[in-house]
Amino acid sequence: MPVLFDNLVFDWWDQDEWIKWHKDNWTISILITATYLLITGGIRQWMVNRKPFNLKVPLIVWNTSLAIFSTIGALQSCYNAFWAIKDKGLINGLCDNSFMQEKAALFCGWLFAWSKVFELGDTLFLALRRKPLTLLHVYHHSITLIVCFYLYPTETAICRWTATLNFTVHSFMYLYFAITACGYRIPSAFAKALTIAQLGQMIAGILICIVHITMISAGLPCHGKIDLSLITIGVYFSYAILFAHLYVQKYSNKSRKSQ
């Protein structure tokens, strides 16, 4: 299967070693998350009587870097997903895990999993600027990190699609954050569309997992496990509820008030 950016996968990266590392050490993500929550609480308490930091330039650099990273990841994963569906059809493509034999795809997935550690920095910027920290924000960052570390070495086909969906939405999300950090105003319709896209990502993830469960239950070839699909559905469902609540809170309520 063709892949993009194959020349960017360096010889120093040992796929077998890292897959084994994640199998043996995925629980380190729980420790990282616990540390993240403690530090976040500490910074918020420390900032109570302090003026917000400006951090305009670091914030622009941060969001631009993540936008570029997410865009490259989206190109690689979407290209890989396209060929899976083209070669095997939609349903079989959703169940295919041949990417586990492709070093470029595995490297991309590895970067995706570890990017969830770096994305915790989003919260640092919010806390130091004394911006509101919502349950959606903290919960989403925490659970996504743990789930990505857990799923990465499992060889389940779900991994391809969770990464593809997330990379794609994040490429637009961080671009939006970068532009607004520069001081430019973007029409509110874009922010609304972004929230809809995030909600759509969760619904799509649930549907893909349902396909996996249906195929496996019917004894048809599908690379995955029902328990992993159920866990992923639970995570996506909780995200969907929170994003739906955000949408109603930010847009539906405003529409009613304007009427």
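Cβ from N, Cα, C; glycine included.
Look at TrEMBL and you will find 26-47, 59-84, 104-121, 133-152, 164-184, 196-216, 228-248 tagged as transmembrane segment.
For the transmembrane segment (59-84), the list of distant contacts is 1-5, 93, 96, 98-99, 102, 104-105, 108, 111-112, 115, 118-119, 121, 125, 129, 160-161, 163-164, 167-168, 170-171, 173-175, 177-178, 181-182: same-chain residues at least six beyond its ends, Cβ to Cβ under 8 Å. When the stretches 26-47, 104-121, 196-216 are ranked by Cβ pairs under 8 Å to the transmembrane segment (133-152), first place goes to 26-47.
Within its own chain, the transmembrane segment (26-47) has Cβ neighbours under 8 Å at 117, 120, 123-124, 127-128, 130, 133, 138, 141-142, 145-146, 148-150, 152-153, counting only residues six or more beyond its boundaries. Counting same-chain residues at least six beyond the ends of the transmembrane segment (164-184), those with a Cβ under 8 angstroms from any Cβ of the stretch are 56, 59-60, 63-64, 66-67, 70-71, 73-74, 77-78, 80-81, 112, 144, 190-191, 194, 197-198, 201, 204-205.
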